[in-house]
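Asks: Heads up, here are the entries from TrEMBL:
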ACT_SITE  517  active site, nucleophile
ACT_SITE  517  active site
BINDING   390, 440, 489  S-adenosyl-L-methionine binding site
COMPBIAS  585-602  compositional bias 'Basic and acidic residues'
REGION    568-613  region 'Disordered'
């Protein structure tokens, strides 16, 4: 263990005393790992740096083992780094304090943990009842209105007006993207300005927003929290009125919400009945006591089938007590009422506070079918407990049809479906193109994708497991032909820069459809796709041609966006000049590229052979 300095030992002694005597820090002694216990404050950082760069410095160069890096909203020249134990933290302080990085000398010190926000709020001298009364006096809103504001903030705005708001926001986001490209690429400025005159301020065509075909009860998946209703004081299955960080743990019933189907609401009440009859109280995030945590309801809009995933904390329940609980659940959901609700599949999941390095818990099948089935664009899709499936089935049909239309695929096209999930997009593309190759991180989702291809009798689709940035070179090398179309539907955070680089450098990718559920978060990806060519981004940039937003989430602020990017044509005169003046270099580069292609193909053969069928 790294020997601590006297100052550091004194700080740690104070931290220990604080956690022993102050209720706001009592959560650190309740068992389980907390990243707040072993935290350092790192100051003196350079003005410009990336979190990925810092992680590389800490983990690879200095051999540290960070579990989390947290950058405060109001500061970029300092941050917190968390570690798994006291030894790792001491090692980090010794390595980082006084270290010179990017011309700056870093300062690293032990940092005190953050106080429990709920306890901090309570310690202001008011109990929950007084706080609740004050909050109601301030905003003069009922619990029902507060819940609607938290879950469906556009609930009291006419739908036509909602669409106008979202269309305006999407346009503003895309104008921000245009401005970023204008700043970094001087050669394109005149062209951007010329196109803006044609497309109402944008450098490309933005089609009118596509409304959702269904605006009421459209969600096919909901995750409900089990807690205490602030009004009735009874265990309730619903949604929180606020986040824990704001000191809110109350759960309100969901019967008044218009984006949840009546069938789902009946199922929620059925499970709530079981919870209230149970001797086990709901889980409390304030002190980690209690049992019932979440209920996930998945609802097929095709045939009305329902899947439930019931999550609970086992606490100190014995094996016998857990078996009795499972038997009680089976009995409860074998009733005529349960059958009338359409419940066909039930899973349970035991959730504890896992330690760093431990795998997440997995749902365990309890009774009924292992999957339910839904349909998009005439294709059937089996849905497993953890599978990603667009939450608005009718809206997904609109989104995917627009993606197909934008792509202009033909039977000569190979579609690279990146972040393919259970294969919904790729399988919808399959009858319009020659071949589909899908990539997905979650192995279970890939199994579902393969099963979905078989279910629909589709033979021109292949799916592979792995991180997009790691297996994309192999998949691209495996793809034949010169007409590759990439379809990207990444998580909210966007696509890894390595994957962007690989797409840019694979010149056979002529078109790219980027689908985003968070357009504001995807702007960086858009910009990187469009950057001028460089040593890292060797291929010609992708230029946006057409975009369309689809309202997949009525009554909320969210919207889905699909953009068609096309590869910019290389400058022929520039190419001819390079051939005439740099023939020797071109021959070398061509030979190198050929070697790299052979290596990629070899890697592809190895990687694909290792993928589970």
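The backbone N, Cα and C atoms fix where each Cβ goes, glycine too.
Curation plays no part in TrEMBL annotations; they are all automatic predictions.
Because the structure is a prediction, the values reported are computed rather than measured.
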Asks: Within 8 Å of the centroid of the Cβ atoms of 390, 440, 489, which other residues of that chain place their own Cβ, given that this set defines the recorded S-adenosyl-L-methionine site?
Replies: 388, 419, 420, 421, 422, 424, 425, 515
Asks: Please state how far apart, in Å and to a whole number, the two most distant Cα atoms are among 390, 440, 489, the recorded S-adenosyl-L-methionine-binding residues.
Replies: 16
Asks: Looking at Cβ-Cβ distances, which residues of the chain lie under 8 angstroms from residue 390 (S-adenosyl-L-methionine binding site) while being 6 or more apart from it?
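Replies: Correct list: 376, 396, 399, 424, 552.
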Asks: Hey, what's the Cβ neighbour count for residue 489 (S-adenosyl-L-methionine binding site) at 10 Å?
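Replies: Around the Cβ of residue 489 (S-adenosyl-L-methionine binding site), 25 other Cβ atoms lie within 10 Å.
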Asks: Here are the recorded positions: 440, 517. Which has the lowest count of other Cβ atoms within 10 Å?
Replies: 517
Asks: Quick one: pull the CA-CA distance for residue 440 (S-adenosyl-L-methionine binding site) versus residue 517 (active site, nucleophile), whole Å only.
Replies: 17
Asks: Reported as an integer number of Å, what is the Cα distance between the residue listed as 'active site, nucleophile' and residue 489 (S-adenosyl-L-methionine binding site)?
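Replies: Each residue's Cα considered, the residue listed as 'active site, nucleophile' and residue 489 (S-adenosyl-L-methionine binding site) end up 8 Å apart.
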